[in-house]
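Record features (Swiss-Prot):
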type	residues	note
BINDING	E46, W47, R48, R82, R212, S231, Q235	3-dehydroquinate binding site
ACT_SITE	H143	active site, proton donor/acceptor
ACT_SITE	K170	active site, schiff-base intermediate with substrate
Amino acid sequence: MNKVVVKNVTFGEGAPKICVPMVGKTVAALKEEAEMLKTIDLDVVEWRVDFFEDVKDLVKVKAALDEIRAILPETPILFTFRSAKEGGELAVSDEFYFELNETLAGTGKIDLVDVELFNEEADVLRLIETAHKNNVKVVMSNHDFDKTPAKEEIVSRLTRMEALGADLPKIAVMPKSAGDVLTLLDATNTVSEKANQPIITMSMAGTGVISRLAGEVFGSAMTFGAAKKASAPGQIDVNELRHVLDLLHKQF
């Protein structure tokens, strides 16, 4: 499997990397969050820009990113606009979604960009090309907040993401039962054994919490923890998360 190196973080080796989302609505709130995250043991910061009140103003988005980067100069930043259809805060046109992501990928200030799988393939490929030209890694994602698809479907989506050029394919699904969590873990194990790229998977909510902890066992390269406000159901406090990941890593 290829390792994916972003600044001082290597995905695809050792314990899953910890990503903590920033969900501030204003520049002031984001700066406060960034200062707080500076004190926390994490690997990646995800800027969930769909929470930002001025997200439709690209000049203001870039200015906010400058402020975040000034506070976190060495921390890998994952830039994510989560669309409403995948559980995000805001519905925007496809045209704006791609303009936003392509513009920010070209700033030199982000390290990874989230690209949702279920869009026009030509648009997705263009965004991947723009990202890679600017040395930005692509987290290609899909989120199902209603259910856990069949194992074959989870495997198919992750495999498709890699085929399109994702550096880090990602899927998050909602369990209705413990069996659904096993389905996600089984799919993760199957894909990680044959994939060329590290993958990121999770089963959400309380039922799925084991999937956020057991990535090193089943093959998920990153997990999401909460420092203040969780951006998705089931995220664990980042300090507790590091403790458990370290505990499991020592057994390997």
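Cβ coordinates are placed from backbone N, Cα and C, and glycine is handled just like the others.
Computed from a predicted structure; not experimentally measured.
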Subject >> Set of same-chain residues at least 6 away whose C-beta sits under 8 angstroms from H143 (active site, proton donor/acceptor) >> reply: R82, E86, G87, I171, A172, V173
Subject >> Candidate with the highest Cβ count within 10 Å, taken from the binding-site residues E46, W47, R212 >> reply: W47
Original post:
What three-state secondary structure does DSSP assign to R48 (3-dehydroquinate binding site)?
Top reply: strand
Original post:
DSSP on R212 (3-dehydroquinate binding site), three-state: which is it?
Top reply: helix
**OP:** With a 10 Å radius around each C-beta, find which of these recorded positions (R82, K170) has the fewest other C-beta atoms nearby.
**Re:** R82
**OP:** For R48 (3-dehydroquinate binding site), list the number of other Cβ atoms lying within 10 Å of its Cβ atom.
**Re:** 22
Original post:
How many neighbouring Cβ atoms, not counting its own, are there within 10 Å of the Cβ of Q235 (3-dehydroquinate binding site)?
Top reply: 22
Subject >> Three-class DSSP secondary structure - K170 (active site, schiff-base intermediate with substrate) >> reply: strand
Original post:
Could you state the CA-to-CA distance between Q235 (3-dehydroquinate binding site) and K170 (active site, schiff-base intermediate with substrate) to the nearest Å?
Top reply: 16
